[in-house]
Amino acid sequence: MNEATATRTDANGAGMSAIWPDSAQRDHAGAVRLHGRSVEELSASFGTPLFVMDTEELSRRALRFSRTVSNAFHDTNTHVSFAGKAFLSKEVVRIMLAQGLLVDTCSMGEMRIALAAGAPGRRLVLHGNNKSDEEIRLAVEQGFAKIVVDSPDEPARIAEIARSLGATAKVMLRVTVGVHAGGHEFISTAHEDQKFGVPLLPAGADGHLLDLDTRPDHAGSSDGHEDLQSPAQAVSSLYVPTGKRPDDDAAVTEAMSVVADGPAIGVLKDILSRQPDLELVGVHAHIGSQIHDANAFIESARRLMILRKTFWATDGFLLPETDLGGGYSVAYTDDDASMDIEDAFATMSQAVEGINRRLGLPMPVLSFEPGRWIVAPCGITLYRVGTVKPVHLANGITRTYVSVDGGMSDNIRPALYGAQYTATLANRKGSEALMDSRVVGLHCESGDILVQDVRLPADVRRGDILAIPVTGAYGRTMASNYNQIPIPAVAAVTSDDAHLMLRRQTIEDLLELDQYTATQS
């Protein structure tokens, strides 16, 4: 289910691989252009470092994801919400709304940006493990599509605020389903020992009791869907407990009995008891990021559907919506693979429909929360080269450190997660000879590395422009002012124009934050 990178070659034979925006090509002089605008033009207009966002590609990717989901689950109501944490601005909100997506928010700042862009509350979602009363109040006042409950104390708080406003808040419970997926530990979000969600199972319970083969071909289905194809079938077979037949109803009953004693059921009961202040709309799970295929999502769905069946049995309430979250992977280098979403969702649809048939449940409304997959490949970052320093190592290798005018303050991911990127000389054609290089920032940290290892032209020099692709997500949004460096601008590029999406911070902006005056000394 991985989508390998390919190479696009322009008329001059200068290749730009598929990790770059579709509009990126090299001209006769070897300069990278986006929608015909050279990186030198963009840098001259907006400065460096500079995030550049191809908003036409952003729109296309949002629409592609939404259509892929609706086509795969063609007999089921589906919703797609853009995860604003990946990158948010008023223009991005408008693009997402235009393509039919909702927008997920998780802070007052994100909420206010979405509302300022003209988003109606019914198209917004509030997440967060530590929501303030002010955030909850704004979400209720604006009639958000849902507030995702993240801890046992939240239903009472949300209900009290809703009651004070004479309103009903739509809520969904985030469940920690125990499926371990994603890359780095910090972006794996459904294991038990972390801050998000309410556990599905009681402490110490055997999670393997939920590892049931719920394929419809083991349930005697005769509706034409019983023959699930690999890899959905393959992953199901991994989760059949020893000694239990795949179609053993006793196994389902045993799994339900364990779930019935879990914390998640308790919070669902609490929410249900707080009607009409709260309206329970469903359950949610987010299992991690940079997930490459459908198998982990299928297992997460299986566990949430067992929870649906359990709650229906214990309380007579059928949860109407199931949100499977986000985490769909993208390629950051030419050696990476990204999720082929068409293949993944075709597999997921067969599996999830089969799970519900096996459990005797109608399909819920299904929701998904892509962020990185939509926005990351649409962005690149431009840096101006400064110091170029060869370092001769003991093993006889020379590594050239290429310093640029940004660094970990505009892309913390390499330092935080060990994320891998690549870079290219973008303002001209370089020498045929290449050198082992490391692209580093200007910060006072030896770990301020943007690209660990890359082969750059041996004639890279001060004043050149380097471009790093796939920086549309978690770059600008995780930026800081470390070493009092202003946060870079974001420029939007289309076939019609290039314009400022977010302005660059200035030193004056930083000084205005400092409230010290000479009279205080």
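Backbone N, Cα and C atoms are what each Cβ position is placed from, and that goes for glycine too.
Per TrEMBL, domain 'Orn/DAP/Arg decarboxylase 2 N-terminal' is recorded for 69-200 (among others). In the domain 'Orn/DAP/Arg decarboxylase 2 N-terminal' (69-200), the DSSP tally of helix, strand and coil residues is 49 helix, 27 strand, 56 coil.
What TrEMBL records for 209-228 is compositional bias 'Basic and acidic residues'.
The domain 'Orn/DAP/Arg decarboxylase 2 N-terminal' annotation in TrEMBL covers 273-376 (among others).
Among the features that TrEMBL reports, substrate binding site is placed at Arg372, Arg413, Tyr417, Glu445, Tyr474. DSSP assigns Arg372 (substrate binding site) to a helix. Sequence-distant neighbours of Arg372 (substrate binding site) (same chain, 6+ residues apart, CB-CB distance under 8 A): Ala83, Ala86, Ser289, Gln290, Gly326, Tyr328, Ser329, Val330, Ala473, Tyr474.
Residue environment of Cys444 (active site, proton donor) contains 9 other Cβ atoms, counted within 10 Å of its Cβ in all protein chains. Cys444 (active site, proton donor) falls outside any helix or strand according to DSSP and counts as coil. Annotation source TrEMBL lists active site, proton donor at Cys444.
All chains included, 20 other C-beta atoms sit within 10 angstroms of the C-beta of Arg413 (substrate binding site).
Tyr417 (substrate binding site) has a Cβ environment of 16 other Cβ atoms inside 10 Å. Cα separation, Tyr417 (substrate binding site) to Cys444 (active site, proton donor), rounded: 19 Å. On the backbone, the CA of Arg413 (substrate binding site) and the CA of Cys444 (active site, proton donor) stand 17 Å apart.
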